[in-house]
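Below: one structure, written as structure tokens.
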Amino acid sequence: MSKKFVHTQEELEKLSLKELENLAASMREKIIQVVSKNGGHLSSNLGAVELSIAMHLVFDAKKDPFIFDVSHQSYTHKLLSGKEEIFDTLRQINGLSGYTKPSEGDYFVAGHSSTSISLAVGACKAIALKGEKRIPVALIGDGALSAGMAYEALNELGDSKFPCVILLNDNEMSISKPIGAISKYLSQAMATQFYQSFKKRIAKMLDILPDSATYMAKRFEESFKLITPGLLFEELGLEYIGPIDGHNLGEIISALKQAKAMQKPCVIHAQTIKGKGYVLAEGKHAKWHGVGAFDIDSGESVKKSDTKKSATEIFSKNLLDLASKYENIVGVTAAMPSGTGLDKLIEKYPNRFWDVAIAEQHAVTSMAAMAKEGFKPFIAIYSTFLQRAYDQVIHDCAIMNLNVVFAMDRAGIVGEDGETHQGVFDLSFLAPLPNFTLLAPRDEQMMQNIMEYAYLHQGPIAFRYPRGSFILDKEFNPCEIKLGKAQWLVKNSSEIAFLGYGQGVAKAWQVLRALQEMNNNANLIDLIFAKPLDEELLCELAKKSKIWFIFSENVKIGGIESLINNFLQKYDLHVKVVSFEYEDKFIEHGKTSEVEKNLEKDVNSLLTKVLKFYH
């Protein structure tokens with residue numbers, strides 16, 4: 001095995017500072033090379049190279065829990081953990097994950113943000129109960145500190161006094177810069193033994209000072225908060241080192257060694273540059289955060305241009321049109337303005353549309369209050385991230401029966417981001433909620449109609465749409481959206497019917513066209529609504545058909561199959577139901593087409609299964 005990147009802690013310790021810097025440069029080159037071919041999270045990984053090397057040098061990755069928040073910035077860690085020979089398979093089907101996974105030797109799975117410090121706290125408790133001497137190390141970006149869970153964990157960690165290191169990667173995504181050289185000097189001074197001892201003595205003196213002197217001392221302490229962010233963490237009971245240069249290996253290693261020696265919870269504040277080492281990406285957060293394949297020299301995408309608009313682009317344009325038409329429309333996204341297309345609305349209507357950072361719970365509840373005040377909120381959110389606000393969806397929207405619209409992007413299989421990001425559960429967790437209405441467009445025109453309907457609808461409503469483009473274009477005429485009404489797209493005398501939902505309609509149509517070429521046929525229904533179902537149409541369909549095939553990009557449990565079976569039981573109807581929804585297991589990463597083929601959900605596999613029912 002090549003030893004270019006794979007180093008044990010002992011081997012790293014033997015390298016000179018210059019050799020470590022050369023290692024960092026080689027790793028950046030490798031990361032750029034692989035991401036340019038496979039796509040991935042580029043800028044965040046380029047900004048965390050030195051931090052990861054220093055972690056592996058000062059701490060023992062085989063013993064100390066290494067916890068990466070979100071873990072999209074863990075590529076260097078992978079290269080240092082024996083993954084060099086398979087690094088070229090990054091994000092590919094059956095290849096290396098773009099996130100941390102225990103099955104690949106990592107401590108914990110990650111993909112959603114702001115979990116690392118809670119994991120570190122739990123690891124600290126377990127280590128203490130076992131009587132062991134390990135130290136958890138959590139690497140978290142400053143953007144992830146915009147989520148409340150991170151502060152909940154910091155609050156307990158500061159009170160616990162467990163040995164733990166929180167490495168804060170500040171790439172200017174949310175934390176403001178400290179002020180000048182004085183701040184840097186004071187922050188670094190805080191880590192010295194003299195400062196720690198001096199601070200404790202001052203605290204004891206304050207206990208015996210008269211009130212007036214104590215008041216002046218407190219005012220003096222408050223003034224320090226204007227100079228450095230360190231006291232925020234200190235007030236939570238955490239030691240603080242920083243800010244340091246997150247690309248200066250000497251500084252990082254020194255800070256980590258100091259933190260390790262403290263044997264207390266400590267935050268190291270490291271300032272980094274996203275995209276470091278690739279000039280085209282440096283400082284350009286949004287464009288180079290997550291990328292597809294690109295040409296290294298020009299930075300241009302090498303993906304063949306798709307003339308079809310993405311579902312996200314269609315959503316964004318439609319919402320712009322609606323917002324210009326209806327002044328009571330407002331909207332929010334949680335740290336995904338460009339990903340959801342809400343950036344265009346934030347730019348045009350800054351007083352009506354907001355990015356609230358990684359704060360899905362707050363996003364939902366704040367919009368619930370706006371709905372209570374007579375506004376019509378559109379919450380633009382990825383299907384997978386709506387899971388993070390489930391209690392708020394129930395407690396603050398459904399129970400109140402408020403007029404809130406949930407626009408769920410990235411529904412279905414999302415491809416290379418894998419199991420933590422697949423949008424295959426939203427139907428299952430929203431369908432049981434009273435007052436909720438659920439629907440999905442099959443194409444661009446139906447998306448427009450559904451969004452207009454969603455604005456007029458009374459009560460909470462959610463519609464889902466895929467990553468990328470709709471498969472269908474103008475194969476079928478659009479229909480007016482009426483509550484709980486489906487559309488019978490292909491009607492004939494066949495005893496077999498295809499029931500499609502959202503992008504599933506396209507799959508059903510592709511299978512049906514292949515059947516028709518074999519002189520077979522089937523009815524095709526676009527359910528449009530998952531809740532409420534079109535019971536009138538389905539009762540009519542049940543009289544003339546014997547087998548219903550379900551095409552929907554959700555898991556089977558709690559999905560369309562479950563809803564259809566409940567309907568059949570309600571009316572004592574006897575129809576065989578065959579669902580092509582996803583099985584009860586998490587879906588791995590890879591190109592969507594390859595993942596579908598692995599799951600036997602591609603058109604050819606579905607056709608083979610359907611043909612078994614034709615005699």
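Here the Cβ of each residue, glycine as well, is placed from N, Cα and C on the backbone.
Look at Swiss-Prot and you will find HIS72, GLY111, HIS112, SER113, GLY143, ALA144, ASN171, TYR278, GLU360 tagged as thiamine diphosphate binding site. Counting Cβ atoms from all protein chains shown, HIS112 (thiamine diphosphate binding site) has 21 others lying within 10 Å of its own Cβ. Following the DSSP three-state reduction, the secondary structure of HIS112 (thiamine diphosphate binding site) is coil.
Swiss-Prot lists ASP142, ASN171 with the feature Mg(2+) binding site, giving sequence analysis as the kind of evidence. Every protein chain shown contributes to the tally, and the Cβ of ASN171 (thiamine diphosphate binding site) ends up with 24 other Cβ atoms within 10 Å.
Comparing ASP142 (Mg(2+) binding site) with HIS112 (thiamine diphosphate binding site), their Cα atoms are 14 Å apart once rounded. Shown are the binding-site residues HIS72, ASP142, GLY143, GLU360; the one with the most C-beta atoms within 10 angstroms of its own C-beta is GLU360.
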